[in-house]
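The next block holds one structure in the form of structure tokens; read it before the comments.
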């Protein structure tokens, strides 16, 4: 494959909350936009405005007042293919401004993605977008590659779902993967709830975006939750103020760390699940005893919901408490982990050794969609 812009591979990481897309070899995605498709609630109110039948991403977000918004990816898994096709179309033609039939395309998938889903992705890429070649890679595996490793356990937490994925020599170990349906969106909802208890009202989708911003700017993970609660109760040292778009200033105190504490104590939002430190430990314990040492020493954090200050230290403390006392435990929290899945895809798709791994149009025509199970694992 020649190295000119014409045949550069595309990398598209489809998350529940955000689509990250760009060109292989780049160090960051060119396009990052919300994974939403909006359709007008009422037909043609604006005469002659050339109203479209659907809007994608930021445009859907800004026009949400007149639209019904749908997320085609729920908990990391694509559930609405018509809308997903619109998102891919928007990614290629409006965001990256490329003709997909000229570029090999690397897509990402959630761990334990159903077989039928991988086939459907493959089929749409070849039949609707006519890509010359494609590949489907597991998100957590790409994050591990981005950190320069091929063995380790990834905690990948985004907007819709959290996974613990142990990986040995580049292969995810499916029997030990843990999935937790608690992620960024749930934390935003919980912050809305506890701010409402404080007397601030956040209810609409527009207000939810404000709360998400508060969460991203002010929340952090406490090393010792009880201690932090005591500190917050006895002094105002942990309080921060935030200016709302209308100029009103609100003060936020223990909510700053009560919100992400939910990751360690899902009972805060009424879930019976174990926290992320326990799911990590459980995942390691489901692996062969001989590789556990390598997993403990290579705990890689990935995804937007692992961006809270203090989360790595807290994980270190919690896992040390669960693991055998002599075990060396290391948490790796790369600064760019918000995009590490995409970055791993960019690295993989530009490796010379990877070029034989692509599923070509010819192979697809000969074998059909099931080729994906033979070539991508």
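Cβ atoms here come from the backbone N, Cα and C positions, even for glycine.
Here is what Swiss-Prot says about this protein:
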type    : residues : note
MOD_RES : 2        : N-acetylcysteine
MOD_RES : 3        : N-acetylaspartate
MOD_RES : 46       : methionine (R)-sulfoxide
MOD_RES : 49       : methionine (R)-sulfoxide
MOD_RES : 75       : tele-methylhistidine
MOD_RES : 86       : N6-methyllysine
Those residues of the chain, 6+ apart, with a Cβ under 8 Å from that of the residue listed as 'tele-methylhistidine': 16, 110, 160, 161, 179, 181
Cβ packing number for the residue listed as 'N6-methyllysine', 10 Å threshold: 20
